[in-house]
Every structure is written in structure tokens, then in C-alpha cells.
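Copied from TrEMBL, the annotated features are:
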- Gly48, Leu49, Asp50, Asn51, Ala52, Gly53, Lys54, Thr55, Gly94, Asn150, Lys151, Gln152, Asp153: GTP binding site (BINDING)
- Thr55, Thr72: Mg(2+) binding site (BINDING)
Amino acid sequence: MGLLTILKKMKQKERELRLLMLLECKLHKTGTVTLGHPKHQSLACPSGLDNAGKTTILKKFNGEDIDTISPTLGFNIKTLEHRGFKLNIWDVGGQKSLRSYWRNYFESTDGLIWVVDSADRQRMQDCQRELQSLLVEERLAGATLLIFANKQDLPGALSSNAIREALELDSIRSHHWCIQGCSAVTGENLLPGIDWLLDDISSRIFMAD
């Protein structure tokens, strides 16, 4: 039995996924999301820009009130469940003192969630550059990539196709990827995006012979 087969069988037994969630194209803050089987503890550390929609996304997933959202200071912990997976999410603040630790969260990451502010047309070039720089990270090699084109509910928001072109997604060959237009406020298309991510990772890791 080869080493790759052994590792895949270990993955299947543990049924633990690590997902990295990067919110907003400005990339002032980063983090990871870890999903695991209910029998296993899992860890998630997503974060993003102040007022970027990160906390709104997490609250929407958890069925919480989103009318009052305060900036994240330090970190908060939330536990979400979806399709039999438990997500323990560390909502990490983006203070300058924490930024040197961002890439510590890349280890063993199975999925990358990249959230773009679709209404921020001025930042698309920066967004594309930051995303491309992350995709060459060795610890993210082969990770499934989900792009959330967030804030589709706002007037003037770029379409998913426009963002796909701006981010040059069709040039990506190193990762499976999908772009999903969504709204953190209305919740539109958040679950379909996560479902695609789980399906892709499962087919790549858990279903392999």
C-alpha cells in the first residue's frame, strides 16, 4: 500500500477538513476554517476587514440577528453545523500585532474561501494580486478554492462574471475553483457555495480509492 493511499485512508477515517477563509479583497485580515465530523473537534479562524461582512456571514449561517454588527476586537468563537459537519469558527481580529501569525493557519488546509466585495470596484486589481500570491503558497497546494462574490444586493455591484474576469480566474490551473455570487445580508447563495466546497473536497479526499 502506497503512502498516498495510507494518507487518504487516514483522512477518510478522521473526516476532518481544514478550510481557509479569506474575507474581502483588501486582505487586511486572514484566517482559516476547519470542518470536522461531529465526533471530532474542529477549529475555524476566519477574519476580515472591519465592516467587510465577515461577521455578518457567520451570524447568517448561525441564524443570528444581523441588525447590529460590531467590529471584531481580538477574537470570538462560534460553532456551526452543516450537513453533519461541525464548524468551530474562531473569528479573529486583524490588529497589526496579529498579522505576522496569519500564515500559521495555512497548514493542512483543504479549502480556501475567498470573499470579494463586489461593490468595491477600485480594489479588484489588489484583490487579484493578493489571491494569486496566496495560490502559490506551498501549504495551500491543491486546496479547493471557493470565491464568494459578496454584496450582490448592493447597487452597482459587479456581476460574478465580471469578477471572474477581473480576478483572472480562468488562468488558475493549480486548484479546483468556483465563483458564487452571494449576499451576506440576505443569505442568498451562501449555502450553495459551501455545499459545492464540501462536495469538491469530499470527492477529492474522502471518495478517492
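The count begins at 1 with the first shown residue.
Cβ from N, Cα, C; glycine included.
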Quick one: Cα separation, Lys151 (GTP binding site) versus Thr55 (Mg(2+) binding site), in Å?
13
Which of Thr55, Lys151, Asp153, the listed binding-site residues, has fewest other Cβ atoms within 10 Å:
Asp153
Measuring Cα to Cα, how many angstrom lie between Thr55 (Mg(2+) binding site) and Asp153 (GTP binding site)?
17
